[in-house]
Amino acid sequence: MAIDSDPVEAVPSAAGVSERTVPVRFLLGVLGGGPIGLTRDLSSKFWDGLIPMAALVLLTLVLHMLAAPIQGFWGNSGLLVYLVSLLGLGVVLLNHAILQTYSEIARGWLGLASGIVMWYVILLSEKIGGAQIPGATILLLLVVIGLVSAILWKSVFPIGIKFFVLSVFLAAVARFWITSQQLMATAWPLFNSSLIISGYVALAALVFVLVWIIVLSKERTQRLWAAMWGWFWALQVLSVFLGKPL
């Protein structure tokens with residue numbers, strides 16, 4: 001005897017969409033306006049994240065590369081003029097970084113640029129001090145601290161100052177980390193491999209920051225903070241593989 005079975009109802013596809021098109025629509029949602037949309041705010045990801053990062057790295061390299069030809073043509077007096085010019089530029093940038101007439105992103109940009117310029121002023125003053133200019137390093141550091149303090153007196157750590165302070169701090173950390181490993185490598189060959197490993201770790205961190213900006217970032221300020229961290233890791237990568245701390 002045949003046993004009657006209940007008929008199985010066919011589940012209609014939602015909104016006339018076949019099951020085969022579901023993965024395609026999901027993929028398009030991810031690439032577009034989904035929770036990790038790659039194309040969402042694409043212009044902001046470039047202008048507030050990737051381009052600032054590249055600009056910071058380029059600014060750092062240009063500041064370092066200009067010192068050698070200036071010293072070659074005009075000697076230490078040329079370096080001193082270069083240093084004073086950079087000091088003035090850094091102060092102007094920092095002053096604009098706290099003006100409320102600029103947008104928050106613009107003030108962050110200006111704070112980052114000012115921090116990089118001021119950090120190189122400190123490095124350059126050390127170089128000139130080593131060239132037997134008595135007390136130049138201490139004097140210039142006091143000038144920098146005095147000028148920065150005078151500007152900070154107007155306002156207590158707005159966003160431009162936060163970017164300024166952290167950029168100087170991260171530049172100092174990167175240089176200390178690389179130079180300390182280079183010094184230890186001269187005494188213990190084991191640190192040669194440690195330096196190379198740290199370079200690859202920094203490269204992996206840089207790639208992570210790039211992916212985070214493109215895939216996961218949601219706000220403009222987040223991308224600018226990430227640009228600063230990307231510059232920090234790029235600084236270490238260049239220092240390791242160029243063999244000279246920046």
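Glycine too: its Cβ is placed from the backbone N, Cα and C atoms.
Note: TrEMBL annotation is automatic and uncurated.
On a predicted model such as this, the values are computed, not experimentally measured, just so you know.
According to TrEMBL, the features are:
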{"type": "TRANSMEM", "residues": "49-67", "note": "transmembrane segment"}
{"type": "TRANSMEM", "residues": "79-99", "note": "transmembrane segment"}
{"type": "TRANSMEM", "residues": "105-124", "note": "transmembrane segment"}
{"type": "TRANSMEM", "residues": "136-153", "note": "transmembrane segment"}
{"type": "TRANSMEM", "residues": "159-178", "note": "transmembrane segment"}
{"type": "TRANSMEM", "residues": "190-214", "note": "transmembrane segment"}
{"type": "TRANSMEM", "residues": "226-243", "note": "transmembrane segment"}
- Tertiary contacts of the transmembrane segment (79-99), defined by C-beta under 8 angstroms and 6+ residue spacing from its ends, are 63, 66-67, 70-71, 107-108, 110-111, 113-114, 117-118, 120-121, 124-125, 127-128, 131, 133, 136, 140, 143-144, 147-148, 151, 154-155, 158, 160-161, 163-164
- Item | Long-range neighbours of the transmembrane segment (49-67), counting only residues six or more past its ends (CB under 8 A) | 79, 82, 86, 109, 112-113, 116-117, 120, 124, 127, 209-210, 213-214, 217, 223-224, 226-228, 230-231, 234-235, 238, 246
- Task: Would you mind listing the long-range same-chain contacts of the transmembrane segment (190-214), meaning Cβ under 8 Å and 6+ residues beyond its ends?
- Result: 38, 45, 49-50, 53, 177-178, 181-182, 184, 223, 226-227, 229-230, 233-234, 236-237, 240-241
